[in-house]
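Residues or ranges marked as substrate binding site in Swiss-Prot (evidence: similarity to another entry): Asp247, Arg277, Trp412, Arg443. Look at Swiss-Prot and you will find Asp301, His303, His440 tagged as Mn(2+) binding site, backed by similarity to another entry. Here Swiss-Prot flags Cys197-Cys435, Cys426-Cys507, Cys545-Cys562, Cys585-Cys600, Cys625-Cys640 as disulfide bond. Summarising the annotation, Swiss-Prot assigns domain 'Ricin B-type lectin' to 532-652 and lists sequence analysis as the type of evidence. Summarising the annotation, Swiss-Prot assigns region 'Disordered' to 30-66. Per Swiss-Prot, the feature region 'Catalytic subdomain B' maps to 381-443. Annotated topological domain 'Cytoplasmic' per Swiss-Prot: 1-6, in sequence order. Swiss-Prot lists 7-29 with the feature transmembrane segment.
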Amino acid sequence: MRLKIGFILRSLLVVGSFLGLVVLWSSLSSRPDDPSPLSRMREDRDVNNPLPNRGGNGLAPGDDRFKPVVPWPHVEGVEVDLESIRRKNKAKNEQERHAGGDSQKDIMQRQYLTFKPQTFTYRDPVLRPGVLGNFEPKEPEPHGVVGGPGENAKPLVLGPEYKQAAQASIKEFGFNMAASDMISLDRSVNDLRQEECKYWHYDENLLTSSVVIVFHNEGWSTLMRTVHSVIKRTPRKYLAEIVLIDDFSNKEHLKEKLTEYIKLWNGLVKVFRNERREGLIQARSIGAQKAKLGQVLIYLDAHCEVAVNWYAPLVAPISKDRTICTVPIIDVINGNTYEIIPQGGGDEDGYARGAWDWSMLWKRVPLTPREKRLRKTKTEPYRSPAMAGGLFAIERDFFFELGLYDPGLQIWGGENFEISYKIWQCGGKLLFVPCSRVGHIYRLEGWQGNPPPLYVGSSPTLKNYVRVVEVWWDEYKDYFYASRPESKALPYGDISELKKFREDHNCKSFKWFMEEIAYDITAHYPLPPRNVEWGEIRGLETAYCIDSMGKTNGGFVELGPCHRMGGNQLFRINEANQLMQYDQCLTKGPDGSKVMITHCNLNEFKEWQYFKNLHRFTHIASGKCLDRSEVLHQVFISSCDNGKMTQKWEMNNIHSV
């Protein structure tokens, strides 16, 4: 078949035109200075719908858009693409999980064998007495509502007509939401900093941050006041995003209402919803993965209010040294009245270091003379062995290099110690920052709580403690088991990857940590002696056991039905002749007869001997024996009588499950 010349020419013209358009399109799309149509649409949207100016944004009026002031880190001239690394590791771990079962959710643990070097230069803050700091507000911050309730963090006391509503909200949320709902979300707060804090000048080349807030069935106004306070008091050019992680809430106000409300900020505030209840610990790790814009991750509990000029002091140490983790000074927001006051305890300035006792209960101890000598002024950051865990800042990449939280920790408890030990023993530092203050609401008595999901099983917090001490405490773990003997046989899962992490990173021993960083712990909480016996204290051949009934610091113990669940019925008697429950000792009461339980250290209340063969507890000082009344449910001491069955006891081990 013969083709006509005209047909061939027309075909060549069409093909040539198509190729020309392709070349032209490629050249236009490759020009970085010429925004794409989608980019222009986003810019038009930002111009027409600017983010609300909440004050203190550090930018010119009308310019509230996020503008990073520090570039993303480069190593040897190559931008670090962490996201591609995470995707590869996620795919690899998914393959391993399907191949070998869910042995350990260690997606983050295998990503790094070494930490990246510090490549960013940041100048030290400078104290100029009498010269107002460059991040200090020039005028008092505006009230949310002029003259409104709760402004300047003054207490709001409701009348008796609100009693029923207040009690119902405390049961549901842990706070007096009736009062909270009357207070402006943008309320002003009091300034509890030392005067010297106002005269620090910070290099403005600070790292940017993503603020991560995890919530589960939180009250509306306490959650939103947290968000509002961050936006109101954080310079806008450093606030990359606020990431809300909804940990499977079922409250209606946290669904569509929340989704619509955060549109007020045009994408600055984002919400991600877990498909099941993960618990606070793993939800925070999820938050780290979702928060991709800021160079620093700042974690806040869902019921906080940041204070005046909180950001620069908190992030400056991290900008100087990427392996530093910082913690603000945490003030107390009264859950009934919403007054903000300093936390009690600490040294003469109210400063304390984070600590623990050997049963792994969180403690605060005064700042030591050694730590004070390391500072030139009393408002400089200082070292702390541990953090409380709810509020802290850490460089995002460094947190990933550390493996985030141990993926084997469940729901809540122990994660604050795990991340603290990991930071210190593996080359980082943990600093408390006196000039950064954040108020925190503590749950009130009467809260019904948020029970863990069924898939978690029993004793998640105790299992977390066991897992942490098995990974990080080395030979010191024996002291934990002396304090919590019921946990000795508790299954804690696979920790092989965590131990490999320690080995790969040449992490230091717990002995080094106790001698160099946590050297003051044993002065406040001496190493516990070995136990002679432990378990429930049951009346011989009866179904009644000694029960503290949750009382501490002077309450009388009672006799109650044995339940074999430990808790208030779990006691131990040690080689120092102390009969103890956690950090409390049994002793005779003021009447010289009834037995009470009170806080003690290892030098107090060495009063008891247990004669196992005789089924007898003897009070050494008085020579009397431990006795009971099964009718009155009382526990007391009385003259010893070998034939008296109410003086015969047995201690039976109880293992947690």
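Each residue, glycine too, has its Cβ placed from N, Cα and C.
Recorded features from Swiss-Prot, shown on the structure.
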residue : record                 : Cβ neighbours (10 Å)
Cys197  : disulfide bond         : 23
Asp247  : substrate binding site : 25
Asp301  : Mn(2+) binding site    : 22
Trp412  : substrate binding site : 16
Cys435  : disulfide bond         : 27
His440  : Mn(2+) binding site    : 20
Cys507  : disulfide bond         : 20
Cys545  : disulfide bond         : 25
Cys625  : disulfide bond         : 23
Cys640  : disulfide bond         : 17
### Query
To what whole number does the mean pLDDT across the region 'Catalytic subdomain B' (381-443) round?
97
### Task
Could you measure between Cys625 (disulfide bond) and Arg443 (substrate binding site) for me? Cα positions, answer in whole angstrom.
41
### Query
Cys426, Cys562, Cys585, Cys600: which of these disulfide-bonded residues has the sparsest Cβ neighbourhood within 10 Å?
Cys600
## Note on the structure
Checking the binding-site residues Arg277, His303, Arg443 for other Cβ atoms within 10 Å of each Cβ, the smallest tally belongs to Arg443
### Message
When DSSP is mapped onto helix/strand/coil, what comes out for Cys197 (disulfide bond)?
### Response
helix
### Query
Looking only at the domain 'Ricin B-type lectin' (532-652), what are its DSSP counts of helix, strand and coil residues?
6 helix, 59 strand, 56 coil
#### Entry: Cys562 (disulfide bond) and Trp412 (substrate binding site), Cα-Cα, nearest whole angstrom
28
### Task
Using Cys435 (disulfide bond) as the reference point, find which of the recorded positions Asp247, Arg277, Cys426, Cys562, Cys585 has the shortest Cα-to-Cα distance to it.
Cys426
### Query
Looking at the recorded positions Arg277, His303, Cys426, Cys545, Cys640, whose Cα is closest in space to that of Cys600 (disulfide bond)?
Cys545
### Message
Measuring Cα to Cα, how many Å separate Cys640 (disulfide bond) from Asp247 (substrate binding site)?
### Response
57
